Each structure stands twice: as structure tokens, then as C-alpha cells.
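Everything on this sheet refers to the single structure shown next.
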Amino acid sequence: MSERNTFSHPEHTTVLLHEAVQGLALKEQGIYIDGTFGRGGHSRLILSRLSPNGRLIAVDRDPLAIVEAEKIQDPRFQIEHNSFSAIPEICAKYGLTGKVDGILLDLGVSSPQLDDAQRGFSFMKDGPLDMRMDTTKGLSASEWLAQVSERDLAWVLKTFGEERFAKRIAAAIVNYNKSAVEKNEEILNRTLQLAELISSAVPFKDKHKHPATRTFQAIRIFLNSELDELESVLQSALTVLAPQGRLSVISFHSLEDRMVKHFMRKQSRGEDIPKGLPLREEQIQRNRTLKTIGKAIQPSEREIAVNPRSRSAVLRIAEKL
């Protein structure tokens, strides 16, 4: 059985499993953080390569991921029910600030979340319109759509979904809910209900993409503050990581990848220094906090054939200086 199959969960094929873990340049006695436990594919592979003195802290805000993580009975492993933006606080709690040898982040929604209709992430399966990563906190998608203004909704769809028909779709959603309230009927509260409304609002269809794809993505990203969380954890990695500590990040859409790419590029170039200052090369280099490791990595044709959802994945790796 291949390593990829051994460590992936039956319900979830971990994307870029070997590549992301290899990017951490594991030390047998190192301290590592899996910021997105999911169903544990990356965590299990990391644990298999650590000595008895190694340590792995996993983080996830999905209650079902916590249930899965608690099945791992290993003294080197612990799970934290939290967002990965809380990694600095978690490290401070255990006295690990500046001592972590690697952080792995596998962004976006997992296959079990997509495949579970009750989570409300998929426009292909009928379920409650929820979309929260942590179902114990915040507004569901249905609750938020019932109170958001047309203008704000259009902004969310355009900003986080890059949806060209954002205004049309926002108007259709807000008008539907407004009419439902006036008629004392149910507001939008099912995934297929929303998907069908979006399809009817879009003037023409992209034959390669479902009309609801970008809208569902935008609402999910906004409700879960995904880009804010990502920006926070990227910045905190500079403090949490030890010198030569690695940051290995898998993203699944252009907004995430753009943010990761720009962050790593900026930190590897250092601060802009005005021309003409009498500085030596080593003084200029001090402003750099990271160095990028290799080029961006994408799944092989073989991996995409086995797991089509991996097609859009991009892995970027950097090392703290």
C-alpha cells in the first residue's frame, strides 16, 4: 500500500500529502504544528517520522475533526479545538514561542465537509444552509443572508468569489428573502434552494463551472473569516517558528495562493531600503525574515486522476532565517 493511501482517511484523500510533509524537512526530535488537522492525513505521516522525543500539536476548529483527532492515542500528539490564528496563544501556553520547527497549513474546505450535506458547504447536495467551519459559533449562511444588505452581499461575492454577476445574484437573494418574509414563508435555508436561485439569476452559464461555485466560495470564506485567519497565521509564523523552521502551505484558490505567495515573497526580499544609504550587503540581508524553498508545487497528473479535487492545489514552502 502506498504512503499516500496509508495515511489518508477513508473519507478524505489528503492532497499533496508527501510533498507538504517533506517540505517541513522534519527533524526526528522536532516540534511541529499541523494547523489544519482535518481528518489527520498530514498529522499521521508527521508522527510516523518523529522519534519518541518529537512533538506534534494539531489545531482545527471543526468539532468533527476534533473527534477524529482524539482517536490518536500518542503521547507525542495533542489536539487543540481552535482556529489556526490562535497558534501564537497555543505556543505561548506551552512555552514554545520561537521553538517550533515547522507549521503545516492545508487551507480550505475538506472532502468530508463537502460530502456531508448537513454541513451546507456543497451546492451539489441538499442540506441546511450552514457553511460554518465551527458549528458551535457564529451565524449560519442562512441567518446571515437573511440580514445582509444587497450592497454588502454584492461586495462579498465580488471580493471573495470574484463573481462577475455579483450584483445580479445579490439582488436575487435579498429579494427572495424579502418576499418570503412578506408572505410569511420560509427564507432561504437549503443549499440546493440557493444554488437554483443563483442559476436563475445568472444570464449565461460557464460550461466548465457550476453557476453557484463562486457564490458558495465567497459566502464560506466570509462567514469563516478565512482570509483574515490566513493573514494572521502567516504573520504569526515569523514569531512562532525557530530559526530554520519551515512553513508549508497548501492553498486551493487564487485568493489564498496570492496571499501566501505575496507574503513569502515580501518576507524573502526584506524591507524596501532607500537607494543611496551606506549599508553593507549583510546589513541589508538582516531585513529578510524568510527564504522561499523551491518553486510552487502542484499535484501530479496521477494524483489529479485519483483525486480530481486536488486539481487546484498549490503548495508553497518557506524557511525562517
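Count begins at 1; order follows the chain as displayed.
Keep in mind that glycine also has a Cβ here, set from the backbone N, Cα and C atoms.
Among the candidates Asp60, Asp126, the residue that Swiss-Prot annotates alongside Gly40, Gly41, His42, Phe84, Asp106, Gln113 as binding S-adenosyl-L-methionine is Asp60. Non-local contacts of Asp106 (S-adenosyl-L-methionine binding site) by the CB criterion (under 8 A, 6+ apart in sequence, same chain) comprise Thr14, Val15, Ala20, Thr36, Gly38, His42, Ile250.
Under the three-state DSSP scheme, Gly40 (S-adenosyl-L-methionine binding site) falls in the coil class. Counting neighbouring Cβ atoms within 10 Å of each of the binding-site residues (Asp60, Phe84, Gln113), the lowest count belongs to Gln113. The 10 Å shell around the Cβ of Gly41 (S-adenosyl-L-methionine binding site) contains 24 further Cβ atoms across the protein chains shown. DSSP assigns Asp106 (S-adenosyl-L-methionine binding site) to a strand segment in the three-state reduction.
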